[in-house]
Amino acid sequence: MPFDPPPPTRTATLRRDSRAVAFWLLGVAGLVWIMVAIGGATRLTGSGLSIMEWAPLSGTLPPLSEAEWQRLYDLYRTIPQYQLVNQGFGIEGFKQIFWLEWLHRLWGRLIGLAYAAGLAWFWLRGRIPAGSKPRLLGLLALGGLQGAVGWYMVASGFEADRTAVAPYRLVIHLGLALLIFSALVWTALGLLRPEGRAPAEARPVRRMLKVAAWTLVGAMLAGGFVAGTRAGLSFNTFPLMDGQLVPDGYWLLSPAWTNLTANIAAVQFNHRLLASLTALFAAGAVWAALRRLPAGGARRAVLGFGAAVALQYALGIATLLYVVPVSLGTLHQAVAVLVLAAALVALHALRAAPLPASRVRTA
Ligand code: HEM
């Protein structure tokens with residue numbers, strides 16, 4: 001007699017659907033991570049201004065004829081970057097900088113497709129867990145906004161006398177990428193492991209971790225200004241800047257606030273300071289975790305975050321000392337996102353996996 005398995009219970013179906021949606025979101029977050037790395041390489045190779053049109057659909061295909069290459073090259077030759085930086089590099093030189101920007105935009109379209117198609121698929125099958133729909137729609141809107149912000153950033157690079165995009169627009173683009181990445185990861189973690197409240201003994205660890213995570217976000221945005229103003233090409237020593245801990249000319253510009261975004265000495269100092277504070281708070285979180293948490297997933301997650309910060313800090317120093325080669329610059333940008341992911345996983349592990357009170361070591 002054939003064996004009919006019993007129908008899955010409602011809870012089992014819900015759990016299966018939550019897991020499927022979570023893995024899809026994590027997959028999209030992986031695509032976003034690769035996108036950030038491609039974005040770094042695009043910026044560092046000076047490729048970002050090579051496509052002067054905003055053509056979400058027709059731009060999917062690269063130029064397919066010599067006439068089309070010539071048309072795009074002629075467009076590029078009208079902007080200051082060509083005249084001031086690349087004059088005379090010829091259509092072959094243009095083709096070289098074209099491909100990374102094209103890939104960056106193609107990858108953006110791929111992310112949009114993977115997200116929208118996945119959302120439609122889960123939605124039509126009724127597999128999206130209750131309560132997640134508004135957030136998933138919000139993420140779709142944020143993705144669309146990011147495409148528009150990307151173009152808003154690129155367009156600033158075509159303005160008179162500019163050879164690169166406006167730094168604050170680059171930071172908005174980077175910040176939105178980080179927000180989208182974080183929302184994807186956090187939503188997925190919430191679906192994989194229902195939230196609980198950490199016991200009182202674990203809360204100091206989480207508090208310290210939160211401080212470290214917010215400082216990390218600050219350090220990352222400050223890093224965006226370093227990248228945007230190319231501040232990494234100056235003061236290539238560590239820990240001192242021109243022989244001083246705080247460089248001369250920190251307050252060179254006026255009004256004073258413009259030093260935070262446009263003064264190379266101040267911009268680089270701020271990034272170092274915020275990165276160092278992140279490392280300090282991360283070390284604090286690791287210390288607290290070792291003292292207060294029992295061996296297990298939550299403690300490992302905090303230690304993993306600490307290790308990721310240490311790696312990123314070392315990569316930052318190497319990037320600076322070697323005067324920002326494309327490889328190290330891209331790696332530093334890509335690993336920054338992994339550090340953020342590690343912070344989110346650790347924060348979630350402390351919240352989502354309440355520790356049995358008996359296993360918590362008290363101070
Ligand atoms: C917690 C540690 C750190 C984090 C999370 C971090 C994060 C970042 C991020 C997100 C960027 C911007 C990438 C972009 O938008 O293009 C950046 C750029 C940069 N960071 Fe860091 N950073 C850290 C530590 C350091 C340290 C310690 C140094 C050196 C002392 C450093 C030097 C640089 C330089 C030179 C750039 C510009 C690279 C470029 O032009 O591509 N970073 N950092």
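Cβ atoms are placed via backbone N, Cα and C, with glycine included.
Keep in mind it's a predicted model, so treat the numbers as computed, not measured.
Per TrEMBL, the features are:
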| type | residues | note |
| --- | --- | --- |
| TRANSMEM | 21-42 | transmembrane segment |
| TRANSMEM | 106-124 | transmembrane segment |
| TRANSMEM | 136-158 | transmembrane segment |
| TRANSMEM | 170-192 | transmembrane segment |
| TRANSMEM | 213-233 | transmembrane segment |
| BINDING | His271, His332 | heme binding site |
| TRANSMEM | 273-290 | transmembrane segment |
| TRANSMEM | 302-324 | transmembrane segment |
| TRANSMEM | 330-350 | transmembrane segment |
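Three or more CB pairs closer than 8 A are found between the transmembrane segment (21-42) and the transmembrane segment (170-192), so contact between the two stretches is assigned (pairs 6 or more residues apart). Here the transmembrane segment (106-124) has Cβ contacts under 8 Å with residues 17, 20-21, 24, 27-28, 31-32, 34-35, 38, 56, 60, 133, 136-137, 139-140, 143-144, 146-147, 150 of the same chain, all six or more residues outside its ends. Among the stretches 136-158, 273-290, 302-324, the one making the largest number of Cβ pairs under 8 Å with the transmembrane segment (170-192) is 136-158.
Below 8 A, the CB atoms of the transmembrane segment (213-233) and the transmembrane segment (136-158) form no more than two pairs separated by six or more positions in the chain, fewer than 3 in all. Residues 44, 205, 209, 212, 216, 223, 230, 232-233, 235-238, 271, 275-276, 278-279, 282-283, 285-286, 289-290, 293, 331-332, 335-336, 338-339, 342-343, 345-346, 349-350 of the same chain, all 6+ positions outside the transmembrane segment (302-324), place their C-beta atoms under 8 angstroms from a C-beta of that stretch.
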